[in-house]
Amino acid sequence: MERNQGYAKSDVNTYLTKVYGFMTIALIITSLVAYAVSTSNTLMYAIYGNRFNIIILFVCQIALVIAISRLGTRISTLASTSAFILYSIINGLTISYIFIVYASTTIFSAFFVTAGTFAAMSLYGYVTKKDLTTIGRLGFMALIGIILASLVNGFLIKSSGFDIVISIVSVIVFIGLIAYDTQKLKQLYYQGYGTTNIALIGALTLYLDFINLFLNILRLFGGSSRD
């Protein structure tokens, strides 16, 4: 379908290009911050030397995600952009440990696999005529289960084998969510929600999909290299 409610396909392509652009900038910021922090023992100790600091960072991340997602259409573009950049920086702080825990070759391998998978599934979500709403709903419910399972494993079971299972399930879930979220963004544009703020919200959604897919693939690659 070349047009939908008066919008040309080229228009939605321009909109999605903006979404991917915002997402890419956020990923670059996160990567640079994470690497820079990992090279400083002082910063690493400041972040990971006190569990309370990690909790504060996670709370800030959750607050920013809620603010961007819920208030993104009611605040200025500058405010939304600033919040997104701040989130990208904080996320870089919280995942800086990967440069200490994993070898650089493992990180790069996981990144390229993630990038390829993301591109393929986002393209599928864009071109498919199939309604992916059910996949989105199942993915959301699965995410709740993954969070609960991770908490149980982290505090009670503490099983590396169960951690691998959680990572495998997480990879499957986020693969589905990438396709669903891309289709949803396309539909939102056709419904008249093609503003820059909506593009920022969409970029945050895809950014989260990418980061979570990457971290779980990295865990699987890292687990394999240690075995």
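In case you wondered, yes, glycine gets a Cβ from its N, Cα and C as well.
A TrEMBL annotation is a machine prediction, not a hand-curated record.
Straight from TrEMBL, the features:
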| type | residues | note |
| --- | --- | --- |
| TRANSMEM | 20-48 | transmembrane segment |
| TRANSMEM | 54-72 | transmembrane segment |
| TRANSMEM | 84-102 | transmembrane segment |
| TRANSMEM | 108-126 | transmembrane segment |
| TRANSMEM | 138-156 | transmembrane segment |
| TRANSMEM | 162-180 | transmembrane segment |
| TRANSMEM | 192-215 | transmembrane segment |
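Relative to the transmembrane segment (20-48), the listed stretch 84-102 leads the set 84-102, 108-126, 138-156, 162-180, 192-215 in CB pairs under 8 A. Ranking 54-72, 84-102, 192-215 by CB pairs under 8 A with the transmembrane segment (108-126) puts 192-215 at the top.
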